[in-house]
Amino acid sequence: MNGKQLAAEKAVEWIEDGMVVGLGTGSTAYWAIQAIGRKVAEGLSIRAVATSIPSEELARELNIPLIPWSEITSIDVTIDGADEVDGDYHLVKGGGGALLREKITAYASKCMIVIVDENKLVKQLGAFGLPVEVVPFAWEMTAKHLEKLGCKAIRRSHSDGGVFITDNGNYIMDCHFGSIQDAPELEQKLQHIPGIVEHGLFIGLADRVIIGYEHGTVKVRERSS
Ligand SMILES: O=C[C@H](O)[C@H](O)[C@H](O)COP(=O)(O)O
C-alpha cells in the first residue's frame, strides 16, 4: 500500500452505520471511496454526498448510496485529500479543481478528516499554487486584483491548451505566492475580491489529519478545538 492508500484505509475506521458521509476528490480520496465501497458491500449502511462529478460517478459504480443535499442538514464525517497541510491544520486544496464543492461539504461536516501522504506536509503553505475559483465574467480583472495580493495568477488549462472549467462552470486561477506568511489574513483578503467564488485555503475546517508514510506507518493528528 502506498502512503495515500494507508491514510485512506485508516480514515474509514471513523465511519459508522447510519452516518451521512462526505466523499472527497482526488487520488487520495479515491482510495477512501474504494474502501467505503468495500464496507458498503460488506453491509455498512451509510448515505453519502460527493464533492465532484468524478467522485459521484465512482460512488455510483461502487453502489454507495448517494442522497440529494436537500435531504440532509449536516454531514457526520467527510474524508478528503489536500495539496498542502501545515502544522496549524490549515490546508491548500483545489489541485483537482473541486475546492468549491469540497468547502461546502467541509463546512457542513461535524468532522473533516484530511488524508495525505507525507509529501503534503509543509512548514508554510504556498509552494503549491493556491487554486481560486472565479466566475468567467471579467476574470482578467479578478486576476489583477489577485496579483495585488502578491502572487502570479495563472488561469488553469488542460494539457491540450483548452481552458479548465470546474464542475460549476467557472475558471480556476492558480495563484503562485511562493510562501504564504499569514494564511488566515490572506483568507480574509480573498473574501473581499468580487469575482471570486471560493478559494482553496481551508482554515479551521480540518479536525483530523491522517498521514500515510511510504515505509508503511500511519500517523493521526487531532486538532484540539
Ligand atoms: O480539487 C481537488 C482536491 O482539493 C484534492 O483533494 C487535492 O487536490 C488533493 O488531491 P490528491 O489527493 O490527488 O493529491
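Going from the start of the chain as shown, residues are counted 1 onward.
The backbone N, Cα and C atoms fix where each Cβ goes, glycine too.
Predicted automatically and left uncurated, TrEMBL annotations should be read as such.
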Same-site residue for substrate (record: TrEMBL; known: T25, G26, S27, T28, D80, G81, A82, D83, K93, G94, G95, G96; options: K10, K39, K110, K120): K120
Secondary structure at D80 (substrate binding site), reduced by DSSP to three states: strand
Rounded Cα separation (Å) that holds between G95 (substrate binding site) and E102 (active site, proton acceptor): 12
Whole-number Å value for how far E102 (active site, proton acceptor) lies from D80 (substrate binding site) (Cα to Cα): 8
Contacting binding-site residues for ligand 1, chosen from T25, K93, K120 when the Cβ sits under 6 angstroms of any of its atoms: T25, K93
